[in-house]
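So the structure is just underneath, and the comments pick up after that.
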Amino acid sequence: MPTITLPDGSQRAFDHAVSVADVAASIGAGLAKATVAGKVDGKLVDACELITHDATLQIITPKDEEGLEIIRHSCAHLVGHAVKQLYPTAKMVIGPVIDEGFYYDIAYERSFTPEDLAAIEKRMQQLIEKDYDVIKKMTPRAEVIDVFKARGEDYKLRLVEDMPDEQAMGLYYHEEYVDMCRGPHVPNTRFLKAFKLTKLSGAYWRGDAKNEQLQRVYGTAWADKKQLAAYIQRIEEAEKRDHRKIGKQLDLFHLQEEAPGMVFWHANGWTVYQVLEQYMRQVQRENGYSEIKTPQVVDRILWERSGHWSNYAENMFTTSSESRDYAVKPMNCPCHVQVFNQGLKSYRDLPLRLAEFGACHRNEPSGALHGIMRVRGFVQDDAHIFCTEDQVKKEAADFIKLTLDVYKDFGFTDVAMKLSTRPAKRVGSEELWDRAEGALADALNESGLEWEYQPGEGAFYGPKIEFTLRDCLGRNWQCGTLQYDPNLPERLDASYIAEDNARKRPVMLHRAILGSFERFIGMLIEHYAGVFPAWLAPTQAVIMNITDKQADFALQVEKSLNGSGFRAKSDLRNEKIGFKIREHTLLKVPYLLVIGDREVETQTVAVRTREGADLGSMPVAQFVELLTHAVSRRGRQESE
C-alpha cells in the first residue's frame with residue numbers, strides 16, 4: 001500500500017502498486033494527459049513504471065527540462081522507425097540527445113540526400129498522426145540478442161557486447177520498430193509533434209576515423225509548435241549571421257582546400273585581428289604582463305618531458321631534421337616554463353606574468369573543422385602566471401576582474417563563471433586540492449557575481465575557472481580560462497628561492513581571455529552580424545564625392561582622418577551618390593561622409609550612419625570628436 005509524496009508535500013495513499021501515469025490521473029485529467037515520465041525518489045522513470053513502495057514523486061511534463069530531453073530522445077527513436085520503413089536495409093546505430101536536439105547515426109549503402117531527409121521527416125509526421133503508444137519491455141539479455149540478430153542490427157549487437165554486466169535491457173517498441181535504451185521515453189507519439197529534421201552529416205562508428213563511416217541525421221524537438229517556431233527563427237537568424245558568409249561579404253578572410261584549417265586573412269579581416277591584438281597587448285601591459293615570443297618548432301625531448309608527447313602526440317604536427325624529431329607547438333605552456341627557468345628566480349620576482357600571442361597548430365580531424373571557429377592554426381592571447389601558493393587568490397581575483405572588463409569592451413555582459421573541481425582520477429594531496437579550490441572559490445566570491453561549481457570537471461592536476469559568454473542569439477561560448485597547475489613546473493623543473501632560502505616550485509596559472517583570436521573573431525562577426533562597433537570596423541569612415549569637383553577636398557578629409565589615427569577611405573568613383581551610399585552601407589561602414597559643392601564651400605562633411613541616420617553637416621574637427629567618442633566606447637553601451 002504505497003504512499004506517494006508529491007513536491008508540494010501532499011500525500012496520496014494507494015492500496016495497490018501504482019504507475020506514474022495512475023498517480024497523475026488521480027490528480028487530474030489535464031495532468032494525466034501531459035505526463036511524459038516521472039521522477040521517483042529522484043530517479044527518472046517511464047510513465048508506465050510501477051511504484052510498489054512509499055516514495056516521492058515528481059510528475060514530468062513537456063514544461064520540465066527533463067521532459068524536453070525525453071521528447072528529444074523519443075524523437076531519435078522515431079527517426080529509426082521512419083528510416084527502417086523507408087530504407088529497410090539501413091542499420092541503426094545510436095541516437096542520443098544533444099543540445100537543443102538529437103541525432104541518429106545510421107549505416108546505409110548510399111549517402112542520404114536532402115530529398116531523403118524530407119522523406120524521413122514526412123514519414124515521422126505520418127507516424128505521429130497515428131497516435132500510437134510507445135511500449136517498454138524489460139527483456140533478458142539473451143532475448144535482446146535474438147531480437148537484434150533476427151533484424152540484422154549488427155551495431156545494436158555490438159552495443160550489447162559493450163554491456164556484459166547487463167542481464168536485462170529496456171526495449172522500446174514503436175509499433176513494429178524496436179530500439180534499445182535505458183529510457184525513459186514518451187508514452188505516446190502525440191508528444192512528438194513539435195519537431196524538425198535539420199541536417200545530414202557524416203560520422204564514424206565510435207567517433208574513430210579509422211572505423212567505418214556512418215550517416216548522421218540531426219533534428220530538433222520542442223514542447224510545442226510555438227517553441228519550435230522560435231527555435232527555427234533563431235536558427236535562420238544564426239544562418240544569416242554565419243561568419244563564413246559575412247566573412248566573404250565583407251572580404252575579411254577565406255579558407256581553401258590546400259590549407260585545411262588555416263585562415264587566409266584579407267586586409268579587412270587582418271585589420272580587425274590587429275585591433276584585437278593591439279587592444280590585448282595594451283590591456284596586458286597595463287596589468288603587469290611581460291610579452292614574450294617563443295619558438296614554433298621544438299625538439300621532441302621537451303614535449304616528452306612536459307608529457308605532451310605521450311598524451312597529445314596524435315594532435316601534433318611533427319617533422320624531422322638531422323636525425324632529430326620536432327613538433328610544431330600545439331600550446332605555449334612548456335616554452336613559457338623555459339623562459340621562467342632562465343636565470344635564478346627569487347620569491348621577490350613573483351608573481352611573474354608572461355604573455356604571448358602564441359601561434360599554435362593542432363592536427364584536428366578535417367571533419368571537425370568549421371570556418372574560423374575550429375581550425376588547425378590559431379593564435380591565443382596566452383599567458384602564464386608563476387606565483388606562490390599564497391598569491392593564487394589575489395592573482396585569480398585580479399584576472400577575473402580583468403576578464404570581465406575585457407568582455408564588456410566587446411559588448412558581452414552576460415558571462416557565466418564556473419569552477420571545475422577535482423576529478424576522480426587526480427594527482428596531489430587532498431590538502432593541496434582543498435587549498436587550490438578554496439583560493440579560486442574565494443577569488444570568485446570577491447567578484448560579487450554569481451558562479452557555480454562543476455564537480456569533477458577539473459584537470460587531473462588542478463581546478464580551473466571557465467568563463468562562458470552568451471551572445472545576442474542566446475548561444476553560449478566558452479572563452480576564458482584560468483587553470484591552476486602545480487604539475488608542469490614539477491615536470492620541467494621550475495623553481496624559485498623562497499624567503500627561507502629553500503628552493504620551491506612555483507604554482508603556474510594558465511590563463512586566456514579571448515582564447516583563440518580566430519574563434520573570437522568568428523564569434524564577434526556572428527554576434528554583431530558584421531556590424532562591428534566603430535573601434536573594430538575595418539573601415540571606420542568612407543568619404544564620397546558627388547562630382548569630380550569635390551575630389552580634392554574628399555582626399556583632404558581622408559588624409560586628415562587617417563592622420564588622426566582613424567581608418568578612412570575615399571570613394572571618388574564616377575557613380576551616383578545613392579549607389580555609393582548603398583554599397584558602403586552593405587559593407588557596414590559605420591560613418592558615410594558625403595561631400596558636395598556646399599560642403600566644399602563651408603569646409604564641412606555631411607554625415608550619415610550605416611543605420612540610415614542623417615547627422616547633418618559638420619566641420620571635420622567635429623566629426624573627429626564624434627568618431628573619437630564612438631571609438632572610445634568600444635563595444636559598450638552609452639549607459640555603461
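Even glycines carry a Cβ here, placed using N, Cα and C.
Database features, via Swiss-Prot:
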- 1-61: domain 'TGS' (DOMAIN)
- 242-533: region 'Catalytic' (REGION)
- C333, H384, H510: Zn(2+) binding site (BINDING)
Shell of the Zn(2+) site beyond C333, H384, H510, same chain only (C-beta within 8 angstroms of their C-beta centre): M331, N332, H336, V337, D382, A383, Q483, D485, L488, M508, L509, R511
Collapsed DSSP category at H384 (Zn(2+) binding site): strand
Binding-site residues: H384, H510 - member with fewest neighbouring CB atoms within 10 Å: H510
Mean predicted confidence [pLDDT] for the region 'Catalytic' (242-533): 94
Packing count at C333 (Zn(2+) binding site) (other Cβ atoms within 10 Å of its Cβ): 19
For H510 (Zn(2+) binding site), the three-state class that DSSP assigns: strand
Secondary structure content, the domain 'TGS' (1-61) (per DSSP, counts of residues): 14 helix, 24 strand, 23 coil
